[in-house]
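Visitor: Take this structure, written in structure tokens, and hold onto it; I'll ask about it next.
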Amino acid sequence: LQLFKGTPLFKIRDWFRGLKDKVAKTLQLTKEQLKSLKERLKVSFYTYSIILNVSGDLYQGDVVLTVEQAQEIIGGIEDQVSGGNRTKRQAFKDRRYPKTLWSEGVSYYFHSLAKMRNAFIKGAKLWEKDTCINFAENRFAENRIMVFPEDGCWSYVGKLGGEQKLSLGSGCETPDIAAHEIGHALGFFHTMSRYDRDDFITVNTVNVKVCLYQFNKETPSTNDNYGMTYDYGSIMHYGGTSASYNRKPTMVPKDVKYQQTLGSPIISFIELSMLNEHYKCKEKCDPIRSVKCEMGGFPHPRDCQKCICPGGYGGKRCTERPSGCGETIRATSKWTTLEDVVGNNRENDEFFTCNYWLEVCYFQKPLKNRSRRFSVDGCKYAGVEIKTNKDQTLTGYRYGCSQLTLQSFTNRVPIMTYNRLYQSKTVLEYRYGKYFVTFLIQNDLFEPNNLVPGGSVVPAPLPPTTTTKSPAVGPQGSKCMDEST
């Protein structure tokens, strides 16, 4: 990185390398943690995903720190080792906050060699459309971001003041990667560096490359999550095999069914809610006059009579299935098949999505997951998401191809299929028993040479099973009561 010659970057890198032993101590697993990790890995196979090439010169692979930020983080590492704790104060809040906010909007311009304009603009709109933060191209603004194609993808964290850089180099020219880097510029560190990270994932140091400090976590003094829980489907979360030297998991969720969800290409609802808190966007809507949102949604800061809803929910108050393709279906004790084809036979920047609501009647006892295999970290190109969570604001479980038994905590299970690469066919077989719902998932990605004229797909062979057409539940149809267990 010739660009950083004469800057503090390499000095900061050497500071962290000098803390190698101390960081290793903070990541050391107890016998109980190792036993738990082995139990969770019994049901999962390592992904054959694209491995993130984490740069050893940048903090956590894609973050450029200022000297002040580096000193804050190093102080946190020292505190973790010594058992101390700084004064409490995924959003970064240092002593400069709120000056680190883009309170007047984000101004940016492109380097003359930049070829990633479309990716950056689309990535910015993903944040802009559901927050009060405006983005505008203006190379003469006092505070601005220069977007350019340096080696790799990286950004500073928060607004520094003056001009700061954001790189979208070769391989980084997609809206989801741009949105990740813009997330840093808006003030987010990585989700897996939250100070409460160890309550949700285990860092499997056996598989990590030598730079253990890439898995350092923040402290309560610099990390404010606004009371919101950890979301495995965060776009600011790396994939489960990131920084692995052997393509085996470096991060394993406590709920191992989320393994394939790590490394999401989609901004999560929790992140949107958190950023709206961080920038005080929610204060723009009077709680008395604004729409009353349900399912954990909140009034849109650009139109307080509309709601920003968790995935799988829509309508004015988040009480309806999102508009577009999909339907409401009913699970019975017999195997039923849902077949879904999504995509337009081309490579796309944005996802095509279908939303289904699966309605079932009262079940509560969980059974063990029987996941057979994983696909690409984060299901970045196509997949199916099933939301059986008690907290419906969280991202659901995402899968490529699996057989699994899931517990649902409510009688409605939102199911989302999505695709941005050619076309994919999801075959989802389901039934419910007295205490559980079982899913058999097959999600096949079809490239152009597998498509037949007219845009239909050549179906892959399915396991022998008796299937029936999924019955849609109409407005007058039989439905379960909306009761949580």
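Backbone N, Cα and C atoms are what each Cβ position is placed from, and that goes for glycine too.
According to TrEMBL, the domain 'Peptidase M12A' annotation covers 90-282. For HIS180, HIS184, HIS190, the entry in TrEMBL reads Zn(2+) binding site. Under the heading active site, TrEMBL lists GLU181. TrEMBL lists 462-485 with the feature region 'Disordered'.
I would like each feature placed in context: is it buried or exposed, what are its neighbours, and how far apart are things?
Guide: Annotation for GLU181 (active site): same-chain Cβ neighbours under 8 Å, separated by at least 6 residues, are ASP62, GLY123, CYS153, TRP154, SER155, LEU166, SER167, LEU168, CYS172. In the three-state DSSP scheme, GLU181 (active site) falls into the helix class.
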Visitor: Just counting, how many other CB atoms are there within 10 A of the CB of HIS184 (Zn(2+) binding site)?
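Guide: Taking every protein chain into account, the count is 23.
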Visitor: To test your reading of the Zn(2+) site: which residues beyond HIS180, HIS184, HIS190, same chain only, put their Cβ within 8 Å of the Cβ centroid of those residues?
Guide: ASP62, VAL63, SER155, GLU181, GLY183, PHE188, PHE189, ILE235, MET236
Visitor: Within the chain of HIS180 (Zn(2+) binding site), which residues six or more apart in sequence place their C-beta under 8 angstroms from its C-beta?
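Guide: Once residues fewer than 6 apart are set aside, HIS180 (Zn(2+) binding site) is near ASP62, GLY123, CYS153, ILE235, MET236.
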Visitor: Can you count the other CB atoms that lie within 10 A of the CB of HIS190 (Zn(2+) binding site)?
Guide: 25
Visitor: Which of the three DSSP states, helix, strand or coil, fits HIS190 (Zn(2+) binding site)?
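Guide: DSSP assigns HIS190 (Zn(2+) binding site) to coil.
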